[in-house]
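Q: Take a look at the following structure, please.
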């Protein structure tokens, strides 16, 4: 069946968005703990509103970290430094409510079901079962060099650029909160051919005019990020379409950890299992298995075994082996999906302990993922973005 030309849209947000503030606080706390106690169990949730930060969750660790100090340093780094913003690093209240991990959950994670029943030794599985049941997806496609869908790739780059021109004073009137959205047109073969629409909403100083913002963002943000060949005379631009965006950040909207899961992943282009990432250590398969699924999918595409690949993993709490592994190549595979699943089983250890070891996840690496996407990053070295398994997959597939 012939495909029709169609549009697809993805969005991103800046690090000053209320939900992203929360993600960064949660991951900053996680990193601080992991830097002193690599085996800590952390599930850290944050909420922000006008003048207030609440940090809650379950943390089991042998170390101590100064949570209010970490919170204030994170907010300072984002750029909320003035009380007139309705939220700033010095004057905001910080409340904490931290418990230890449930003993019932810890029992399942500490010693997986297979080990307790004698099916494997503790040494083989490193005594780690999945921290919860659930399903996770990973995706890759050959639309961009980083093997990500083009709409989310461009949306992230625009959001990052908004922050850059604010922090380096190119556009000193910008404030931390902002959102971007990109609509891409695909041809009959499913290939991206042009950018149809760009939406940017950015918080700003009250005295700047809309005309100035419109001109500056087109010149210093859009032109700097979006390849000129993707923009034509029909491309539509909506810059601060309400006309004014002065009240923003936690003063404008309350924020919560884990509320930007589509921004964090593939911009809606691939399926999502529902679990959020930030504030969770690697024994939580919501995070570690989603990273592993991306690693698998990216290596499949990098090996030339498919033009696009979506990998689903699923787990039961306290059980180390995934209960299911599936691969969907959307008709682009060079080998059957059954063969791909077998290749995945033979080349990737997808037990939680295996993932942690394979991707070296007991490190303080998470704050850098908490804004501008966890996947397709070229500005930081993330283990799940490497394509070091591609050659072996290609050889074993006989290609």
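Note: Cβ is positioned from N, Cα and C throughout, glycine not excepted.
Remember, it's a predicted structure, so these values are computed and weren't measured experimentally.
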Q: Given that Swiss-Prot annotates 177, 178, 179, 244, 245, 253, 259, 260, 276, 280 as ATP-binding, name the residue from 17, 374 that shares the site.
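A: Swiss-Prot names 17 for this ATP site.
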Q: Would you mind telling me which of 79-89, 90-100, 101-111, 112-122 Swiss-Prot tags as region 'Flexible loop'?
A: 101-111
Q: Write down the Cα-Cα distance for residue 19 (Mg(2+) binding site) and residue 260 (ATP binding site), rounded and given in Å.
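A: The separation of the Cα atoms works out to 7 Å.
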Q: Counting other Cβ atoms within 10 Å of each Cβ, which of the binding-site residues 244, 260, 284 scores lowest?
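A: Ranked by other Cβ atoms within 10 Å, the binding-site residues 244, 260, 284 bottom out at 244.
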Q: Which binding-site residues (17, 58, 244, 280, 284) fall within 10 Å of residue 45 (K(+) binding site) by Cα distance?
A: 58, 280
Q: Looking at the binding-site residues 45, 253, which sits with the largest number of other Cβ atoms within 10 Å of its Cβ?
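A: Answer returned by the neighbour count: 45.
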Q: If the ATP binders are 17, 177, 178, 179, 244, 245, 253, 259, 260, 276, 280 per the record, what's the largest distance between their Cα atoms, in Å?
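A: About 36 Å separates the two most distant Cα atoms.
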Q: Where does residue 45 (K(+) binding site) sit in the DSSP three-state scheme?
A: strand
